[in-house]
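Novice: If you scroll down you'll find the structure; I have some questions about it.
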Amino acid sequence: IPMLFLTLLLLFLALFPGAFNCCMKISDVIPKGILRRVERFEIQKADGLCHLEAVILFIQGRKFCVSPQIRKVKKWMKKNKHKIIGEKPHSRKQRRTKIIKKKEKEQ
């Protein structure tokens, strides 16, 4: 019986890898200075296995789940898009540079 349980547990983990990484509770307030120490962040959608919409902030190997509706967090996320997991940094800046150069040539 223990072998069957272990096999089922491993199968579950393989099929649903994010099942234990969801934020179950989120904070509606964020302490001062926490955003300055964030190394990266992730956006959790309220679909699939995770039932809460959240912003997951990673600081020194720890994760903090906060509401994406906090004004301070929204503003910080816009400034720090390069810290989001899975996005390429600086791709937007390069595109803007090309557009600006094109406009300069027209004038």
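Using the three backbone atoms N, Cα and C, a Cβ is placed for every residue, glycine included.
Any TrEMBL annotation is an automated prediction that lacks curation.
Take a look at what TrEMBL says about it:
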SIGNAL    1-21  signal peptide
DOMAIN    19-80  domain 'Chemokine interleukin-8-like'
REGION    84-107  region 'Disordered'
COMPBIAS  90-107  compositional bias 'Basic residues'
Novice: On average, what pLDDT score does this prediction assign to the domain 'Chemokine interleukin-8-like' (19-80)?
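Specialist: Averaging the confidence scores along the domain 'Chemokine interleukin-8-like' (19-80) gives 89.
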Novice: How do the residues of the domain 'Chemokine interleukin-8-like' (19-80) split into helix, strand and coil according to DSSP?
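Specialist: In the domain 'Chemokine interleukin-8-like' (19-80), the DSSP-based counts are 12 helix, 17 strand, 33 coil.
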